[in-house]
Amino acid sequence: MRREAMRFWQFALNNVRRNAHAYSAYFLSSSFAVMIFFTYAVFIFHPDITKSRLGESVRIGMTAAEFVIFGFSFLFVLFSISAFLKARKNDFGILIILGASGKQLNYLIFLENMLIGSASIAVGIGSGMIFSKLFLLIGTRVMEIKKLPMYLPWEAIKLTIGAFFALFFIISWFTVLFIRQNQVLEFLQGAKKLQSEPKVSPFLSIVSIVAFTGSIYLFQHPTNNIIPLILLLNMIGTYFFFSQLIVLAILLLKKNRWLFWRGTNLLWISDMAYKMKDNARMLSMVTIITTMACTSIGLVLMIDQLNKQIYQDTPYDLKFRILEEKEGLADIQTIDRELQLAGVKKYQKVDIHLSYFDFKEILRPLAVIKQSDFRKLEKEFDLKMVPIHSNEGIYLVNPIQWNQEQLKYLNQFTLDKKDVTLQIVEQFKKAVIGLSENVLVVSDSTYHQLKPFRSGNEEKWIYYFIPEWPNHIIPYSNSPQVKVSEQLIKWNRDRLDKNAGGLLLSRTDEYIELKRSMRIMIFIGLFIAAIFTLSMASFLYFKLYTDLDRERRHYLMVSKLGLSVEEIMRSSSIQIAILFFTPLIVAALQTGYALAEMKVMFHLLTYISISRPVMIAIGGFFLAQLIYFWIVRSRYLAHLKRAML
């Protein structure tokens, strides 16, 4: 009995070896996913990870990434195995005729899947052990620590083996359910069934358009918790686009005799409707995942671009809000002393007073500054103001909220607590107290007249302008100003819980902190994006390989009608290109629109451009897809040529 079991095990192993060229892409993609999962786990369990200020953030981000990788791997393996079963139906039918029982067939499929899964785990962990040293080295640069020494990652090994063994075991067990209802005849027919022209529903094609339109409308009119509904509508629209709308378009294209009967168009257009319908689920999944990945990358790049622009639009280097007069003056002396010790030879200090008032024309309190205070800042902000008379004001709008079309209708402010109206005589696009707030400059007499009606206490701010730290030069992590700013901010934060005299803010520190966060997100997300693209390319390859036998018979028949091998290869290349790049084109359109709407939603319409983030995000995926397309096309055409000879 044991020898029989061994023979059955060897039979399963031989089946895997015999179909190695079909399983190779799936095996490599699974191994790559295991490798990245394991490498992230090595990082998460590293004993020195929390010694860095950014270490905990990286650990949280990578833990979330582990769930994303595992969830995606589950879907990828499930889709791939269902495709394997379709490709092997003929083999299963022959085994049943030769006397294999249903139990033996199920056991054979289970063994084959577990063999591939176990090999993927072994190769993934092995390559991960090699790659993790480089990964830790990159991590030290991202987290700005001296080193993360290599260690024996037993916890990472146990987590990876346990997670992926469970994944392959559960899916292998589920695959038995896929074939229980199939009869011997259906197995033998396999992929040889005659393919009829796919049926489409005009109604479902309209549903696709309506779903896309609905998601666009909701994006333009956002409310609370609307994002899940937008994603759902987008998924519905994408699925019916590939399964109905694009198939309908191809069928209508076939009725265009001038185009359809031109060159080899007859050959590839005839097949595309069937292939789109057959691969609709896979193509829609590729599109949705690519859209989400590209949008995430584009959003990170937009934030990075916004961060640089904010830094360059902020003329002051430090600003200090005095909370307690006595302690605040002592803190200012400490700041001055630290700047001098750091070698800052020359700087200017400007103190201003401001108060917040409620006005009927706007929803939130507005900061008001008297003109005599703002005169001290005119030179630094590159402004030359006209004289302001009583009950007049100059409105300084931060660049993010600057909208010329809307602002031209705002010509006065009426005090909420008293019937006092201030006429706006001029508007400027300047960030005075930060890029989240606007400022109204009034005459000194008007300021004192309004003072009793302010919301809260008057605030006193000290601005530091340091010529050695110009805002047009973006700092790097080791810049002197970064080190000084970080020391001062840390000193102030430590004192806030005790007896700090005020709150210190730094333009440089805010820029570097956000820059580091974006770098961590790119560091974590880059490898997830690589898994997505590689897995999708391998799945497309296997779907093509599944239909290779039918394609061979089809092209053998049409070659007898006089078509050359070059024409057949060109027709096949066009079909592969459509399957590879149609999801990317749809994802590019969805990404561009999503980022454009986010730009409007966050009031960044005239502040930053989305063209560069979109081009980088889509361009990266396009380049990867182009490489995969070239590899898959060359291998597929080589198989097709051998099959036809």
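Using the three backbone atoms N, Cα and C, a Cβ is placed for every residue, glycine included.
TrEMBL entries are annotated by machine, without manual review.
Annotation comment: TrEMBL describes 67-181 as domain 'ABC3 transporter permease C-terminal'.
The annotation transmembrane segment is assigned in TrEMBL to 21-45 (among others). Counting same-chain residues at least six beyond the ends of the transmembrane segment (21-45), those with a Cβ under 8 angstroms from any Cβ of the stretch are 58-59, 62-63, 65-66, 69-70, 72-73, 76-77, 80, 84, 87, 116-117, 119-121, 123-125, 127-129, 131-132, 135-136, 139, 153, 155-157, 159-160, 163-164, 524, 527-528, 530-531, 534-535, 537-539, 541-542, 545, 639.
The transmembrane segment feature in TrEMBL is assigned to 65-85 (among others). Tertiary neighbourhood of the transmembrane segment (65-85): same-chain residues 22-23, 26, 29-30, 33-34, 36-37, 40-41, 44, 109, 113, 117, 163-164, 167-168, 171-172, 174-175, 178-179, 281-282, 285, 289, 524-525, 528, 531-532, 535, 538-539, 542-543, 546, selected by CB-CB distance under 8 Å and a gap of 6+ residues from either end.
Taken from TrEMBL, the feature transmembrane segment covers 105-136 (among others). Counting same-chain residues at least six beyond the ends of the transmembrane segment (105-136), those with a Cβ under 8 angstroms from any Cβ of the stretch are 8-9, 11-13, 15-16, 23, 26-27, 30-39, 42-43, 46, 77, 81, 85, 92, 95-96, 148-150, 153, 157, 160-161, 164-165, 167-169, 171-173, 175-176, 179-180.
For 156-179 (among others), the entry in TrEMBL reads transmembrane segment.
The transmembrane segment annotation in TrEMBL covers 200-220 (among others).
Taken from TrEMBL, the feature transmembrane segment covers 226-253 (among others).
What TrEMBL records for 282-303 (among others) is transmembrane segment. Within the same chain, residues 72, 75, 79, 234-235, 238-239, 241-243, 276, 514, 518, 521-522, 525, 528-529, 532-533, 536, 539-540, 543, 579, 582-584, 586-588, 590-591, 594-595, 598-599, 604, 608, 610, 612-614, 616-618, 620-621 sit at least 6 positions outside the transmembrane segment (282-303) and bring their C-beta atoms closer than 8 Å to a C-beta of that stretch.
Summarising the annotation, TrEMBL assigns transmembrane segment to 520-542 (among others). Note on the transmembrane segment (520-542): residues 22, 25-26, 28-29, 32-33, 36, 39-40, 54, 57-58, 61-62, 65, 68-69, 72-73, 76, 79-80, 83-84, 87, 138-139, 142-143, 282, 286, 289-290, 293, 296-297, 300, 579-580, 583, 620-621, 624-625, 628-629, 631-632, 635-636 of its chain, located 6 or more positions outside it, place their CB under 8 angstroms from a CB of the stretch.
If you look up TrEMBL, you'll see 576-594 (among others) marked as transmembrane segment. Under 8 Å from some Cβ of the transmembrane segment (576-594) lie the Cβ atoms of residues 216, 219, 234, 238, 241-242, 246, 272, 275, 279, 283-284, 286-287, 290-291, 294-295, 298, 536-537, 540, 543-544, 610, 614, 617-618, 621-622, 625, 628-629, 632-633, 636, all in the same chain and six or more residues away from its ends.
Annotation source TrEMBL lists transmembrane segment at 614-632 (among others). Long-range neighbours of the transmembrane segment (614-632) within the same chain, counting only residues 6 or more positions beyond its ends whose Cβ lies under 8 Å from a Cβ of the stretch, are 290, 293-295, 297-298, 301, 529-530, 533-534, 537, 540-541, 544, 576-577, 580-581, 584, 587-588, 591-592, 595.
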Inset, instruction - Average the per-residue pLDDT over the domain 'ABC3 transporter permease C-terminal' (67-181) and send me the rounded value. - result: 81
Legend entry - Spatial neighbours of the transmembrane segment (226-253) far in sequence, C-beta under 8 Å, 6+ residues away: 197-198, 200-202, 204-205, 207-212, 214-215, 218-219, 259-260, 269, 272-273, 276-277, 279-281, 283-284, 287-288, 291, 582, 586, 590
Legend entry - Helix, strand and coil residues within the domain 'ABC3 transporter permease C-terminal' (67-181) as assigned by DSSP: 98 helix, 0 strand, 17 coil
